[in-house]
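Participant: Below: one structure in C-alpha cells.
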Amino acid sequence: MIVLHARDCDPKACTALRAHRMGLVELTRHPGDVPTGAVVLDPTVEKALSREDRDAALERGLVAVDCSWEHVHRYFGPLRRRCRHRILPYLIAANPVNYGKPCKLSTVEALAAALYILGFRREAEEFISRFKWGPAFLELNRERLEAYRRAETSAEVVRVQEEFLPDGL
C-alpha cells in the first residue's frame, strides 16, 4: 500500500504518517512514484471500488492520497490517465477527529475499508487493529463492509450502498 502524502496535516495526528512509521505503508510525495495501473482511492470519481479491482491492487498497488481538499487536483490530476481511480462506498468514520461522521474517513480507515472490500478481510483487520480506535471502525461498519465485499462489481457496490444511505443523502 502506498500513500501519496501532501504534508497538509498535523504530523502528530496524521494516520498515514503513523502507519508509515509502523512500516504498514510506503510514503511518497510525488505522483510520478505511483505505479501505472495502481488502484487509487479517489473521492472525486463515481466508479466504486469493488472486488473486480482486486487483481490490479495486488499487481500494481493500492494507493491513498492524503491531502487537503484545496490540493485535490494537484495530486489526483497527474494520476488520472495512468491509474484506476475508485471511490469508497458509504462508510462511517470511527477516528477520534470525525467519529460518527459519514464519509469522513482517515487515510488508514480508507485503506482498511479498501482491503476489506477487495476481499482481504483478515489483512484489513490486522492493519486497522494497530490503531486504538481501529476495531471500532470495523464494528461500526461491519454490515456495510460485508455487503460491499460480497458485491462483484462497482455497479453492485453502488446498488448495495443505496440500502445503507440515510434518507436525504
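Keep in mind that glycine also has a Cβ here, set from the backbone N, Cα and C atoms.
According to Swiss-Prot, the record shows the following:
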{"type": "BINDING", "residues": "Thr15, Val65, Leu88, Thr107", "note": "S-adenosyl-L-methionine binding site"}
Participant: Relative to the Cβ position of Thr107 (S-adenosyl-L-methionine binding site), how many further Cβ atoms are located within 10 Å?
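Facilitator: The answer is 25 other Cβ atoms.
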Participant: Sort out for me which one of Val65, Leu88 has the most neighbouring CB atoms within 10 A, since those are the binding-site residues we care about.
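Facilitator: Output for this query is Val65.
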Participant: Of all the Cα pairs drawn from Thr15, Val65, Leu88, Thr107, the residues the record ties to S-adenosyl-L-methionine, which distance is largest, in Å?
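Facilitator: That value is 18 Å for the farthest Cα pair.
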Participant: Tell me whether Thr15 (S-adenosyl-L-methionine binding site) sits in a helix, a strand or coil according to DSSP.
Facilitator: helix
Participant: Take the Cβ of Thr15 (S-adenosyl-L-methionine binding site) and count every other Cβ within 10 Å, whichever protein chain it belongs to.
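Facilitator: Other Cβ atoms found within 10 Å: 25.
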